[in-house]
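Participant: OK, TrEMBL features for this one:
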- 149-164: compositional bias 'Basic and acidic residues' (COMPBIAS)
- 178-277: domain 'PFU' (DOMAIN)
- 346-420: domain 'PUL' (DOMAIN)
- 133-164: region 'Disordered' (REGION)
- 39-71: repeat 'WD' (REPEAT)
Amino acid sequence: GHEDCVRGLAVLSETEFLSCANDASVRRWQISGECVQVYYGHTNYIYSISVFPKCKDFVTTGEDRSLRIWKQGECAQTIRLPAQSVWCCCVLDNGDIVVGASDGIIRVFTESLERTASAEEIQAFENELSQASIDPKTGDLGDINSDDLPGREHLKDPGTRDGQTRLIKDNGKVEAYQWSVSEGRWIKIGDVVGCSGATQQTSGKVLFEGKEYDYVFTIDVNESGPSYKLPYNITDDPWLTAYNFLQKNDLNPMFLDQVAKFIIDNTKGQTLLNTSAQFSDPFTGAGRYVPGSSSGSSTVPAADPFTGTGRYVPGSASNAVAPVGGIDPYTGMGAYQSAAAKAENIYFPKKDAVTFDQANPTQILGKLKELNGSATEEHKLTEDDLIILEKLLSVTCNTSAETPTAQQLQTLWKAVNWPE
């Protein structure tokens, strides 16, 4: 399930529904409680979700200044707004999308040319959007180094997908642009603040797929292909991170050293690996064997526990300082320990129906008659209806009796829909 606070729910059908949460994910569920699909696209909290009428497409809004339109399980369009928090969204019966944001303005987006705003209003919206300030901590822009950014000529090349973000440096300012497929142009979505010489250590953590990272790099494998997000924490092994990145995106493993070097160069060597306790993967880690490399390299973090100088010797002093990695793998503090059993919540999830063991049919019927006496004529139950409800009470209070009839349930439904 979700890894953080759930913010919104939306019904897809009689058997499925959607949920959105602070972990920046949308999940599709069966009513049985089984999660059947996870959607990623937002880079921060998702506050609201709404479904289009008569289909399974939906829209979401969140803390990353965006309204995102999802079609056939993919984020088909991203619309930026000049407000950091887009609190709520709602799809109307005609397909228009209404959003409310932290700037106190409600905006309506439509595909209908008849309902589209005037050219002046659209230009005013784009001007307001271009003057907005973007916080790089949202993570959607990746790690920003203003010294390496291109100039305005970078906008001459078209984007590869709708919603693609591109940064340029113009007159000392970092500007963010988003590609619009429908209009075939780059639209300015704001000025990036606090990125001159900044890194994610000074800017804060970045949220990516529900987890926080020190860095989230944007990797372009080739000009015509898609870009990939590479999350990284300074406590991670660069080679293991590179290996997992290539595996996840089905990329050529020959790029392992290249990606690892990219991580090291762009984190400026700020690694916090604890060599006395960290395990280094012998196949993908920094200490792996590389043909032609020096045999005297001292980067291997773990000595052989059976034949190395740090091996266990019976009768040796217990307080002797062993070399790095020389702790007995079976009895030492590095020995494998099974994970502690998770504490189970005996109250949730509740899989059984909750029934009333005791009920007083006389009091229930008396209260129904009292409420019926004060109801309006259009909502008042007839004497026959009350007799049917009395029989229904008898059925439900006696577990050995027959099941309720359709007529009894229909009468009950009429009663529970009394106006408050």
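Including glycine, each Cβ sits where the backbone N, Cα and C put it.
Keep in mind that TrEMBL annotations are predicted by a computer and have not been checked by a curator.
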Participant: For the repeat 'WD' (39-71), jot down how many residues DSSP puts in helix, in strand and in coil.
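Facilitator: The repeat 'WD' (39-71) comes out at 0 helix, 19 strand, 14 coil.
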Participant: Please list, for the compositional bias 'Basic and acidic residues' (149-164), how many residues fall into helix, strand and coil according to DSSP.
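Facilitator: Tallied per class, the compositional bias 'Basic and acidic residues' (149-164) gives 5 helix, 0 strand, 11 coil.
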Participant: Restricting to the domain 'PUL' (346-420), report the mean pLDDT as a whole number.
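Facilitator: Value for the domain 'PUL' (346-420), mean pLDDT as a whole number: 77.
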